[in-house]
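Okay, structure first, notes after.
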Amino acid sequence: MNELEQFREQVAACDEKIMEMLIRRNQLVEKIMDYKERHQLPVLQLQQEEKQNRYWGEKLFDNRHKEELFAVFECIRRNSKKIQARRLFDYNIVLIGFMGVGKTTVSGCLSRLFALDVVEMDQVIAEREAMSIPDIFAACGEEYFRDLETALLVELQSRKHTVISCGGGAALRERNVAEMKKNGKVVLLTATPQTIYQRVKDSEDRPLLKGRKNVEAIARLMEERREKYEAAADILICTDEKSVLQVCEELIQQLTKEGIQKNV
Ligand SMILES: Nc1ncnc2c1ncn2[C@@H]1O[C@H](COP(=O)(O)OP(=O)(O)O)[C@@H](O)[C@H]1O
Ligand SMILES: O=C(O)C1=C[C@@H](OP(=O)(O)O)[C@@H](O)[C@H](O)C1
Ligand SMILES: [Mg+2]
């Protein structure tokens, strides 16, 4: 055997070991989940991730392939999160609620925590129409926009393990709620009008608040919508005075409670 072939054999032996270790690692991830479930421990334990980052940062700091090694480790960790998420949520997580409650922000955070895909409905619609949401409203009207939402919700039924961040008005149509529930658990995020005002006051992205961006008008519109939002929700999370991470933790905790856990 020439030298090149010998090296190739050694690389193949390394791959064999790496794969064996990855299989073992995945089994341990499952065991950790069993343990957390049995002892009712929170699913998210971010300090563990920080500990790993510190450890490998120090250990690899002068390695020539530090970046590449980190990228592989990140990929391994992402896959662990996926394994975890697939077991926890056998469905889509559909976020609804008034403008500014944090649907988009919470989706991003959930996606990082569990390596879930995100569909930001407004963004998909704006891209497909090649127009911003305010422009769609101005050019084609609200009904047209709501029809696009309905069509997209139907399309998303073929997915699983996806966070669907709805536009604030999507849950107001009965038909939309029925489509959401076919593949997902509907999570209603709430906040007081004062909180909403603070969060949206500097943004121009919400045509329905144009010319009425004040606490009173927000409170009125919120009250008009409240009944429909609440009727659509499988769970409700209040976001006032909570960080985005706290909101995610509460959401996971509620979703993984018995009964909500599986899509039954
Ligand atoms: N829990 C929170 N605490 C503080 N600010 C938040 C929180 N959730 C969202 N925000 C902020 O509020 C604004 C609106 O959030 P966004 O996710 O766009 O809401 P939505 O998609 O429901 O309209 C953003 O600037 C975001 O950073
Ligand atoms: O509440 C609504 O009717 C709307 C909310 C907006 O999304 P966000 O809730 O993400 O702001 C956007 O879809 C559109 O302006 C209509
Ligand atoms: Mg949004």
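Every residue gets a Cβ built from N, Cα and C, even glycine.
Whatever TrEMBL says is automated annotation, not expert-curated.
What TrEMBL records for this protein:
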DOMAIN    1-88  domain 'Chorismate mutase'
BINDING   Gly100, Val101, Gly102, Lys103, Thr104, Thr105, Arg206  ATP binding site
BINDING   Thr104  Mg(2+) binding site
BINDING   Asp122, Arg146, Gly168, Arg225  substrate binding site
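Shown on the structure are the features that TrEMBL records.
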residue : record                 : contacts (Cβ under 8 Å, 6+ apart)
Gly100  : ATP binding site       : Gly168, Ala191, Thr195, Ile196, Arg199, Val200, Arg206
Val101  : ATP binding site       : Gly168, Leu189, Thr190, Ala191, Ile196, Thr239
Lys103  : ATP binding site       : Leu95, Ile96, Gly97, Ser165, Cys166, Gly168, Leu189
Thr104  : ATP binding site       : Glu120, Asp122, Ser165
Thr105  : ATP binding site       : Val244
Arg146  : substrate binding site : Gly169, Ala170, Arg173, Asn176
Arg225  : substrate binding site : Phe98, Gly169, Leu172
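Checked against ligand 3, the binding-site residues Val101, Gly102, Lys103, Thr104, Thr105 give Lys103, Thr104 in sequence order as having a Cβ less than 6 Å away from one of its atoms.
Remark: of the binding-site residues Gly102, Gly168, the most isolated position is Gly168 (fewest other Cβ atoms within 10 Å of its Cβ). The 6 Å Cβ screen around ligand 2 retains Gly168, Arg206 from the binding-site residues Val101, Gly102, Gly168, Arg206, ordered by sequence position. The residues near the ATP site, meaning same-chain residues not in Gly100, Val101, Gly102, Lys103, Thr104, Thr105, Arg206 whose C-beta sits within 8 angstroms of the mean position of the site's C-beta atoms, are Gly97, Met99, Val106, Gly168, Leu189, Arg199, in sequence order.
A sphere of 10 angstroms centred on the C-beta of Asp122 (substrate binding site) encloses 22 other C-beta atoms. For ligand 1, the neighbouring binding-site residues among Lys103, Asp122, Arg206, Arg225 are Lys103, by Cβ distance under 6 Å.
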